[in-house]
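Asks: As listed in TrEMBL for this protein:
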type: BINDING; residues: Arg34, Tyr151, Arg204; note: protein binding site
type: REPEAT; residues: 74-111; note: repeat 'NHL'
type: BINDING; residues: His85, His188; note: Zn(2+) binding site
type: BINDING; residues: Leu87; note: Ca(2+) binding site
type: REPEAT; residues: 118-162; note: repeat 'NHL'
type: DISULFID; residues: Cys132-Cys152; note: disulfide bond
type: DISULFID; residues: Cys200-Cys211; note: disulfide bond
Amino acid sequence: MAILQYENVKLPKFIGQVVGIALNSEGKLVILHRADRIWNADSFNDNNIFNSSLGPIKRSTLLILEPYTGKIIKEGGENLLYMPHGLFVDHKNNIWVTDVGSHQVFKLDSNMKVLLTLGEKLVPGSSSNHFCMPTDVAVTKAGAIFVSDGYCNSRILKFDSSGRFIKSFGQSYGIYKVPMEDTLTLPHSLTIDEQLSMICVADREEQRILCYSINDTDGQFDTSGELLTKIEDVGRVYAIRFKVEEQRVASGNELDKTICLKTAVKIAVP
């Protein structure tokens with residue numbers, strides 16, 4: 001295990017609130033932070049529109065570090081993000097970021113070049129090509145993109161590798177506004193277990209984790225979104241990640257729980 005010594009860390013002069021960390025396939029540490037941007041009562045209006053007078057964050061918001069020494073290998077993201085929130089690094093070392101400020105999701109390569117953008121800049125919405133404060137993103141090895149959307153829409157959206165919308169699930173309410181078993185209130189974090197063909201969602205305000213089926217079918221018969229299991233009373237879950245070897249999910253919350261999902265879904269998953 002690498003222990004990062006503080007005296008070895010050579011970070012930029014100012015690093016803001018850290019909202020995401022991940023390791024890429026080379027063992028390098030990827031950090032997403034907000035630099036000098038603070039989320040406060042003036043950041044959004046009552047219609048969830050970001051205060052555009054603030055502009056994008058001028059400083060770099062993404063760092064790639066050597067974890068043993070703290071040496072900065074690459075930094076970027078300046079003048080791109082307004083209020084970064086979620087981070088995911090795929091198996092090809094592409095960096096995925098959600099921005100609740102611009103209501104967008106970005107795919108960047110390891111050189112910080114933007115390869116794909118989902119959502120319309122600074123325009124919140126509930127259509128298939130709009131987000132409203134998307135919180136997190138997760139991507140399968142086959143390229144299926146899942147976005148938790150988020151603070152306003154309370155749903156999960158699936159896209160193919162090119163960004164074409166496939167389907168959504170977990171909406172806030174069912175027909176006639178009646179809450180359903182898989183109703184989401186604030187989907188805050190995502191994690192994928194491809195061995196179990198499952199995506200789990202941290203439903204923060206309901207203090208639970210919901211796990212849905214996934215597949216990589218791009219056609220009209222895509223079966224992603226079937227509720228497989230749910231784990232209740234885990235506290236306000238801010239972040240979840242799988243430990244693949246043991247099929248466990250670690251939940252970042254005040255209860256500091258680690259849950260064995262292999263047991264939880266044994267009946268629900270063939």
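Using the three backbone atoms N, Cα and C, a Cβ is placed for every residue, glycine included.
Unlike curated records, TrEMBL annotations are generated automatically.
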Asks: Can you tell me the three-state DSSP label for Leu87 (Ca(2+) binding site)?
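Replies: Leu87 (Ca(2+) binding site) sits in a strand per DSSP.
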Asks: In whole Å, how far is Leu87 (Ca(2+) binding site) from Cys211 (disulfide bond) when you measure between their Cα atoms?
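Replies: Counting only the Cα atoms, the answer is 20 Å.
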Asks: 10 Å Cβ neighbour count around Cys211 (disulfide bond)?
Replies: 25
Asks: Rounded to an integer, what is the Cα-Cα distance in Å between Cys200 (disulfide bond) and Arg34 (protein binding site)?
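Replies: Pair distance, Cα basis, whole Å: 26 Å.
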Asks: Could you check which of the recorded positions (Arg34, Leu87, Cys132, Tyr151, Cys152) sits closest to His188 (Zn(2+) binding site), going Cα to Cα?
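Replies: Going through Arg34, Leu87, Cys132, Tyr151, Cys152 one by one, the Cα closest to that of His188 (Zn(2+) binding site) is Tyr151.
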Asks: Counting only other Cβ atoms and using a 10 Å cut-off, which of the disulfide-bonded residues Cys132, Cys200 scores lowest?
Replies: Cys132
Asks: Provide the three-state secondary structure of Tyr151 (protein binding site) computed with DSSP.
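Replies: It is coil.
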